[in-house]
């Protein structure tokens, strides 16, 4: 699951990290973030 797929901004706020976090929560993880290579990293 890469962050560039859902990477867009609203009012200067990037939502790709939010999508990544939601993806990780759906997998039962504690959230996640997008790294410098636009890859979703779950906690």
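Note: Cβ is positioned from N, Cα and C throughout, glycine not excepted.
Under DSSP, residue 3 (disulfide bond) is assigned to coil, being neither helix nor strand in the three-state scheme. Residues or ranges marked as disulfide bond by Swiss-Prot: 3-34 (among others).
Under the three-state DSSP scheme, residue 40 (disulfide bond) falls in the strand class. For 20-40 (among others), the entry in Swiss-Prot reads disulfide bond.
Taken from Swiss-Prot, the feature disulfide bond covers 24-42 (among others), and the record attributes it to sequence analysis. In sequence order, 23, 24, 27, 29, 30, 31, 32 are the residues of the chain that are 6 or more apart from residue 42 (disulfide bond) and have a CB within less than 8 Å of its CB.
Looking at residue 34 (disulfide bond) and residue 20 (disulfide bond), their Cα atoms lie 7 Å from each other. For the pair residue 20 (disulfide bond) and residue 3 (disulfide bond), the Cα-Cα distance reads 7 Å.
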